[in-house]
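These features come from TrEMBL:
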SIGNAL    1-27  signal peptide
DOMAIN    29-329  domain 'Plant heme peroxidase family profile'
DISULFID  Cys39-Cys116  disulfide bond
SITE      Arg66  site 'Transition state stabilizer'
ACT_SITE  His70  active site, proton acceptor
BINDING   Asp71, Val74, Gly76, Asp78, Ser80, Glu89  Ca(2+) 1 binding site
DISULFID  Cys72-Cys77  disulfide bond
DISULFID  Cys122-Cys325  disulfide bond
BINDING   Pro164  substrate binding site
BINDING   His194  heme b binding site
BINDING   Thr195, Asp243, Asp251  Ca(2+) 2 binding site
DISULFID  Cys201-Cys231  disulfide bond
Amino acid sequence: MKHSHCSRLLLVCSVLVLCLVTGGARCNKLSSNFYDWTCPGVYNIVQQHVFSAMREELRMGASLLRLHFHDCFVNGCDGSILLDGADGEKFALPNMNSVRGYEVIDAIKADLENMCPGVVSCADVVALAAGYGVLFSGGPYYNVLLGRRDGLKANQSGAANGLPSPFEPISSIVKKFADVGLDTKDVVVLSGAHTIGRARCVLFSDRLASTKSSANPTLDATMAANLQKLCTGGDGNQTTALDVSSADVFDKQYYHNLLNKKGLLSSDQGLFSADEDVVASTTKALVQTYSDDGEQFFSDFGASMVKMGSIPLPAGSADEIRCNCRVPNPK
Ligand code: HEM
């Protein structure tokens, strides 16, 4: 027992020395066994917290998945969305009063700091929590790669400008994905995340017409009437399921909805109903494929999540393992 503890310590030390010698380059590579020697309990801790958060509110799985997406799209997957402060990403338009799950991440991190202090990055906690959120919603298991480092700074304008808006045409969403190294297929596959979770009226009421004569030809009439009823007279913060057919289950139903004009956001329905051009015909064909083949969707979703989860920090940025996900470590 004593011997195995010592050899484990020796290996950890050798890894650290190797990191120093190679200038950190080797240590920035993500891997599936990154914490095997330094914090093997990380999976259990994250899994337990996500499980109990979802038992309290099933939607939390979706919220954690979106948190990871909004983290990765701004300065790479560096936990920068978690930083508090008036100039934080939290207060950028796409995130404010919208992104959820910060408290779940805090609770996970507090337990991890007790178990293996200073070892697991906040960005990795978010990535793993998203993976369990998908799995516990009935979605695919995919191998979450670990070894990210936390950024020191938030980028509010990056969040305001870089995150896609539901009001944008698909071509401009495709461009934003391309800016972080993701392609058109990733756009369609990752939009399938909208098979779970909720959206607020303010973010889809552009699709609702107030008179019959201007009814939206790409929105099912019965669904339009129901949404109209939900949203009329409120403050715009009423929510409804992104996937009208199976709100909390991670399945291929999202794509089936699009075939039937039942996408909730304009950016969802646009994947199938946008005016034909090269991008639209690509997205349309993929929607058709995934609506037919759930297995293909699940395996492509895992692959695109790994790709999204590997978006790097901007070259030369300082990084660390944050002790408290809400603030950079004291100097
Ligand atoms: C393709 C461009 C995308 C656009 C325009 C978009 C837009 C939105 C909007 C407007 C909402 C509702 C927010 C609110 O009501 O406050 C939402 C929710 C959500 N989004 Fe996206 N999204 C996109 C891609 C993605 C991706 C790539 C993922 C994850 C891989 C994702 C995961 C989610 C989830 C799970 C929710 C529900 C969150 C919850 O219920 O708390 N979205 N998205």
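Just so you know, glycine gets a Cβ as well, placed from its N, Cα and C.
This view paints the features noted in TrEMBL onto the structure.
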{"residue": "Cys39", "record": "disulfide bond", "contacts (Cβ under 8 Å, 6+ apart)": "Leu112, Met115, Cys116, Val119, Val120"}
{"residue": "Arg66", "record": "site 'Transition state stabilizer'", "contacts (Cβ under 8 Å, 6+ apart)": "Val99, Arg100, Gly101, Ala193, Gly197"}
{"residue": "His70", "record": "active site, proton acceptor", "contacts (Cβ under 8 Å, 6+ apart)": "Ile81, Glu89, Pro94, Asn95, Val99, Ala159, Leu163"}
{"residue": "Cys72", "record": "disulfide bond", "contacts (Cβ under 8 Å, 6+ apart)": "Val180, Met308, Gly309, Ile311"}
{"residue": "Gly76", "record": "Ca(2+) 1 binding site", "contacts (Cβ under 8 Å, 6+ apart)": "Gly151, Val180, Ile311, Pro312, Leu313, Pro314"}
{"residue": "Pro164", "record": "substrate binding site", "contacts (Cβ under 8 Å, 6+ apart)": "Ser172, Ile173, Lys176, Phe177, Ser267"}
{"residue": "His194", "record": "heme b binding site", "contacts (Cβ under 8 Å, 6+ apart)": "Leu242, Asp243, Tyr254, Leu264, Leu265, Asp268"}
{"residue": "Asp251", "record": "Ca(2+) 2 binding site", "contacts (Cβ under 8 Å, 6+ apart)": "Gly138, Gly139, Thr195, Gly294"}
{"residue": "Cys325", "record": "disulfide bond", "contacts (Cβ under 8 Å, 6+ apart)": "Gly79, Leu82, Leu83, Ile105, Asp106, Lys109, Cys122, Val125, Asp150"}
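Taking a Cβ distance under 6 Å to any atom of ligand 1 as the criterion, the recorded positions Arg66, Val74, Glu89, Pro164, Asp243 reduce to Arg66, Pro164. Close to Cys201 (disulfide bond) in the fold, though at least 6 residues off in sequence, lie Leu227, Leu230, Cys231, Gly234, Gly236, Asn237, Gln238, Thr239, Thr240, each with a CB less than 8 Å from its CB. Note: the CA-CA distance between Asp71 (Ca(2+) 1 binding site) and Cys77 (disulfide bond) rounds to 5 Å. Candidate binding-site residues: Asp71, Asp78, Glu89, Asp243. Fewest other C-beta atoms within 10 angstroms, Asp243. Thr195 (Ca(2+) 2 binding site): 29 other CB atoms within 10 A of its CB, across all protein chains. Cys325 (disulfide bond) carries neither a helix nor a strand DSSP state and counts as coil.
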